[in-house]
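**Student:** Below: one structure in structure tokens.
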């Protein structure tokens, strides 16, 4: 493992670009990463892809690295209903836009099984032509009628196992410790600590 980490050590031409146009998501990522990884954020118009979640995330990272001409971190989030064999999955954003929180609950009306899991996939591409690395976090829970502030996606309808609160009702510090995003970013932080990347650009560009 140490040999692999040493082999991965390299200089990055500039800080990692986290690709997002979602202010709430950016706020959460900044809270979780703190100053552990130097990154900047940028909204890019990447095409919406279909396929398996990890494949989608990797392909987005390849496209983003080509556009940015540098290292990028992209995120894809899934909400998977076990009764529906994993749907809505990576298409949760569109399901939520079309049906709202009540509609997500209605998808499971005919099923006793309300269990679900939230999955977050971060893909890191160190530059154009580089094969992306993926970091996956999962949190199991269940789908419930919406509770809590409705300002961050499907948080009000997802109640993680072992808790009486939905994501939306939780203090941010608690959610960030147990969430799918928090778990995936913990793996990203581990990778950066082991790889010991050095950013060449001091930010003057």
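Heads up, the Cβ atoms here are built off N, Cα and C, so glycines get one too.
Pulled from Swiss-Prot, these are the listed features:
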- 20-25, 60, 76-77, 93, 152-155, 175, 180-181: ITP binding site (BINDING)
- 48: Mg(2+) binding site (BINDING)
**Student:** In whole Å, note down how far the CA of residue 48 (Mg(2+) binding site) lies from the CA of residue 20 (ITP binding site).
**Tutor:** 13
**Student:** What is the total of other Cβ atoms whose distance to the Cβ of residue 180 (ITP binding site) is within 10 Å?
**Tutor:** 24
**Student:** Give the helix, strand or coil assignment DSSP yields for the residue listed as 'Mg(2+) binding site'.
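**Tutor:** SS state of the residue listed as 'Mg(2+) binding site' = coil.
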**Student:** Using Cα coordinates, what distance in whole Å links residue 23 (ITP binding site) and the residue listed as 'Mg(2+) binding site'?
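**Tutor:** Counting only the Cα atoms, the answer is 19 Å.
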**Student:** For residue 20 (ITP binding site), just give me the three-state DSSP call.
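**Tutor:** Assignment for residue 20 (ITP binding site) reads coil.
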**Student:** Near residue 93 (ITP binding site), which residues of its own chain have a C-beta under 8 A away, given they sit six or more steps off in sequence?
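**Tutor:** Once residues fewer than 6 apart are set aside, residue 93 (ITP binding site) is near 77, 153.
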**Student:** Compare the C-alpha of the residue listed as 'Mg(2+) binding site' with the C-alpha of each of the binding-site residues 60, 154, 180, and give the closest one.
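**Tutor:** Ranked by Cα distance from the residue listed as 'Mg(2+) binding site', first place goes to 60.
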